[in-house]
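Report on the following structure.
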Amino acid sequence: MASFVARLTLALSFIALALAGYSLVQNTLSSPTHTRLNLIPTWLDSTFDSADVLSYLGFGKSSGRLSDSNCVFSAVKEIVDAAITAETRMGASLIRLHFHDCFVDGCDGGILLNDTANFTGEQGAPANSNSVRGFSVIDQAKRNAQTKCADTPVSCADVLAIAARDAFRKFTNQTYNITLGRQDARTANLTGANTQLPAPFDNLSIQTAKFADKGFNQREMVVLAGAHTVGFSRCAVLCTSTNLNQNRSATLQCTCPASANDTGLVGLDPSPGTFDKKYFEELVKGQGLLFSDQELMQSNATVTAVRRYRDATGAFLTDFAAAMVKMSNLPPSAGVQLEIRNVCSRVN
């Protein structure tokens, strides 16, 4: 009996810690005045499974919603971790793929739809063509979730959100809260991809307007641009002078002109495999790679944000996580037909 009481006390302590962490995140997100999100340590995040505690107590596996959701989180994380371990660059690609989905008519998985004889999707837009990647990782993660969590339908839009969060975790050993419940659009918006996505040649005014249209202020715009602390840009993009910060033209390691199929890559900052503050350090020095990057130094508000994140990695990670949570909850456009796709690249 004493042994059982001791085990029960320990288990309840674990549950109390988990609920305290969840409450902290929920209270932070719901506060109308919040500017920062307290990051969740990786040992106490969305993969915490109540079934572990119940099993420890001898009550068997739980069939509750928490356990079902965590099955999905675990199934997606397994694939994402393996993909990034095999190729670090894939982490940046998955964050970008989620961004490019959500910024066109909300987080609806529209970017994943392939063209057909009767349908032209978003993948051929200039911002996406020969640029966004990671589709096969999303497909694998979706199949893994379908196989291991058959009782919990998960949308492709959900998989994108989870994959981006897990990429952030893989880079930083920090995480943030993602909930399930998104649905997939039965259509995509090529025109929207051409007009709503930020472009490397956008000046500060245009960038500000595009982010404001999605409900983001300039500080949030700057912190989301900080995703350029990881990943690469293609020489095919950089050889177009309007895309490149001209301060970098003399040292650009590309052979220009470059064809659309050119495979040359340049790191978006000096440490493209590390989620750090070097991106912001480069902006302050006038050495941002893209024209749109360096434009963030053109107003008092954006300069203040850039300097904030240059000086404090913790503030960068916290604010980035909060902005990603906000972005991951951008709703689909009104009137769009929704479903949960069986295969992410085509409608049911």
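Note: Cβ is positioned from N, Cα and C throughout, glycine not excepted.
Record features (Swiss-Prot):
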type	residues	note
SIGNAL	1-20	signal peptide
DISULFID	Cys71-Cys149	disulfide bond
ACT_SITE	His100	active site, proton acceptor
BINDING	Asp101, Val104, Gly106, Asp108	Ca(2+) 1 binding site
DISULFID	Cys102-Cys107	disulfide bond
CARBOHYD	Asn114	N-linked glycosylation site
CARBOHYD	Asn118	N-linked glycosylation site
DISULFID	Cys156-Cys344	disulfide bond
CARBOHYD	Asn173	N-linked glycosylation site
CARBOHYD	Asn177	N-linked glycosylation site
CARBOHYD	Asn189	N-linked glycosylation site
CARBOHYD	Asn203	N-linked glycosylation site
DISULFID	Cys235-Cys256	disulfide bond
CARBOHYD	Asn247	N-linked glycosylation site
CARBOHYD	Asn261	N-linked glycosylation site
CARBOHYD	Asn300	N-linked glycosylation site
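A Cα-Cα distance of 20 Å separates Asn118 (N-linked glycosylation site) from Asp108 (Ca(2+) 1 binding site). A straight line from the CA of Asn114 (N-linked glycosylation site) to the CA of Asp108 (Ca(2+) 1 binding site) spans 14 Å. Cys71 (disulfide bond) sits 22 Å from Asp108 (Ca(2+) 1 binding site), taking the C-alpha atoms as the reference points.
Counting in whole angstrom, Asp108 (Ca(2+) 1 binding site) lies 7 from Cys102 (disulfide bond) by their C-alpha atoms.
Recorded residues Asn247 (N-linked glycosylation site) and the residue listed as 'active site, proton acceptor' have their alpha carbons 27 Å apart, per Cα-Cα distance. You'll find the Cα of Gly106 (Ca(2+) 1 binding site) roughly 9 Å from the Cα of the residue listed as 'active site, proton acceptor'. Nearest by CA distance to Cys149 (disulfide bond), out of the recorded positions Cys235, Asn261, Cys344, is Cys344.
A 10 Å radius around the C-alpha of Val104 (Ca(2+) 1 binding site) takes in these glycosylation sites out of Asn173, Asn177, Asn189, Asn261, Asn300, in sequence order: Asn189. Fewest other C-beta atoms within 10 Å: among the disulfide-bonded residues Cys102, Cys149, Cys156, Cys256, that description fits Cys256. Taking the glycosylation sites Asn114, Asn247, Asn261 in turn, the residue surrounded by the fewest other Cβ atoms inside 10 Å of its Cβ turns out to be Asn261.
The shortest Cα-Cα distance between Asn300 (N-linked glycosylation site) and any of the recorded positions Asp101, Asn189, Asn261 is the one to Asp101. Same-chain residues with CB within 8 A of the center of the Asp101, Val104, Gly106, Asp108 CB atoms, the Ca(2+) 1 site residues themselves not counted, are Cys102, Phe103, Asp105, Cys107, Gly109, Gly110, Ile111, Ala157, Ala185, Leu330, Pro332.
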